[in-house]
Each structure stands twice: as structure tokens, then as C-alpha cells.
Amino acid sequence: MPNASSWSASSPLLLLWEDSFGTRIFLSLLYAVLAISGTLSNVMVIYLVFSFKKLQTTSNAFIVNGCAADLSVCALWMPQEAVLGLLPPNSSSLRSAEYRLLRGGLLGLGLTVSLASHLLVAFNRYVLITKLPSVYQALYQRRHTGCMIGLSWALALLLVPLLPGLWTPGSAQQPPPRQTDGRSGYTALLLALAVLGQTALLLHCYLGIVRRVRGSAKRVSVLNFHLLHQLPFPAAPPPPRRAQRRLSSVSVLLLCCVFLLGTQPLVWVSLLGFFLRPAPPALQAASWLLLCSLSALNPLLYTWRSEEFRRAARSVLPRGEGSAAA
């Protein structure tokens, strides 16, 4: 493993050119597994939503938006990292500045839109559960939903060119000047603060849902919305009310825990490196790996408790695979 100084001059992502060949092989295999599983799961969710009318809800529109963003990470960025890990360190592909910008752009675009989609889904469910149906219908008209999705991509396209020091790796053989390192440090701090703010809003929405469901399960049951089937709650048949509230709370808290596990290590590693001292390279690499792995896990996070998704998947998959998925 390289020391902290060589880390700052190389990639902030996962492939370190100074790593041993065995480490690079392991990371390449890990990238390949995440790329294949993430691509299949994201494509499956997108296909099911577009194929079944019952799944074409506002909440699922935001989920599909996140899946499309995750595909840029799983289907486009991760396979390149898996292949580059097998190349020698002096390969011309690793030295090409234009190619590094392309890889960084794919990663930055996908992660930015994916994180924004997490927040859009959480806020959509929060409004549905805690506000009056008339408020939900007025806010989530088809035109407004399209504008929200478009703004998430516009924000990502605006931010990616402004964050070259974060998304694009440098050359370990040709360290960047000190000014670039300082700019990258402030960029990492900006990213950490943005993710912290997004996480606070997401937790506020889901914890508000938990309080509402625990306080009034009857209030949720009378909302005659198809969107309720997309919540990470038991769909039907409902268990006794006390057990239902407990299971609903556990499902939401589990979703929040997985999201926190994927995002917060990078946040605190970035804050530690800015205010105190750089974290060990292995810890930085692991934090990036957890964040990128969310792109493969997101489809499961939002569909594993949905009876509508399971029913649609059983009708599409072969009989044996459908039974296993059930």
C-alpha cells in the first residue's frame, strides 16, 4: 500500500497504481461482481416498471431515475475499472488525461443523480404518509415529477465539470502541484458536507414516516394509493397492528442503516483528511468502495419488501427462478 502522500497524488478512487498485482486482481474481481449484479438488478427494475402499469407510480419514477444513474456506475464505470486493474501500471490507458476525465465524469454523474434520487424517494414517501392526499396530488403532478427528475440530472451535469480534483484521478508518477491538492481538499470537504446535508434530510423523512406509522397505522391504511405498495412495509396480508408497526419500523430503519453504511465512511474520511490528517489509503479505498457498491444495492433496497415487484418478477422470470425469487 502506498503512503498517505502518494495517495494524495494518485487516484481518490479504488485502483492504486502502486498496489501489488494480487491486490489489483482482487479489486478487479470485486468490480466485476458488482458490475454484473448491479447492471442486472438495475435493468430488471427499469424493465418491470416500464412493463407493468401497476408499477408506474411517482415513487417508482424516482426509483427508475436512480437505477438509470446507477447504470452509469455499474454498467459503464465499474467494468472499465475491472479491466484497468489487470493492465500494467505504465499502460497508456492509465496515463491518458482524457480517459481519466471520462471515467471520472461517469462516476460523478452516476453518484450525484443516485444520491439525489434517494432524497426524492424519501421526500415523496414522507409527503404521502404525513400530509393530506390533496397536498400530495398537487405536489406530485406528472409535470412536477418530470421537473424534479430533470433537475437532478441538471445538477449533476453542472457539478461534475466543477469537481475535477475529486472525480478524476491524477498520476502517481507525475504529482500535481500543491495548489491542485488544496483545491481537491476543499472539493472533498464540499462533497462531505453535501452528503451530510442530504443524509440529514433523508433521515428526517424516514424517521417521520416511522413516527407516523407507529402512531397511527389506521391513517396509513385508509390512503387508497398504489404508491403504498412501493413502501418498504409489508403489503398484504397485514399482521396484527402492533406487529405491523414493529415490522414497518424495522424495514425503514434497515434501509436507513444500509444507506448510512454506504455513505458515511467517505464523509468522515474526507472530514478527517481535511481538518486533521489523511486517513490510511486502505480506509479511503474502502470508503469509496462502500459508496460505489450502493449503485448495485439500490434496486434491492427499494423493491425487496414490495409485493407488486415480487409478483411482477415472478411473471417475468422462468418458473424455477421465479419461485426462488419469491
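Along the chain as shown, residues are numbered 1 onward.
Cβ coordinates come from backbone N, Cα and C, glycine included.
Look at TrEMBL and you will find 41-302 tagged as domain 'G-protein coupled receptors family 1 profile'. According to TrEMBL, the feature transmembrane segment maps to 25-50, 62-80, 100-123, 144-167, 187-209, 250-276, 282-304.
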Fill in: Long-range environment of the transmembrane segment (250-276) - Cβ separation under 8 angstroms, sequence gap at least 6
115, 118, 185-186, 188-189, 191-192, 195-196, 199, 202-203, 206-207, 209-210, 232-234, 283-284, 286-288, 290-291, 293-294, 297, 301-302, 305
Worksheet item: Near the transmembrane segment (25-50), which same-chain residues lie under 8 Å Cβ to Cβ, leaving out any that are not at least 6 residues past its ends?
Response: 14-15, 19, 56, 60-61, 63-64, 67-68, 70-71, 73-75, 78-79, 81-83, 85-86, 289, 292-293, 295-300, 302-303, 309, 312-313, 316
Worksheet item: Which whole-number mean pLDDT does the model give the domain 'G-protein coupled receptors family 1 profile' (41-302)?
Response: 77
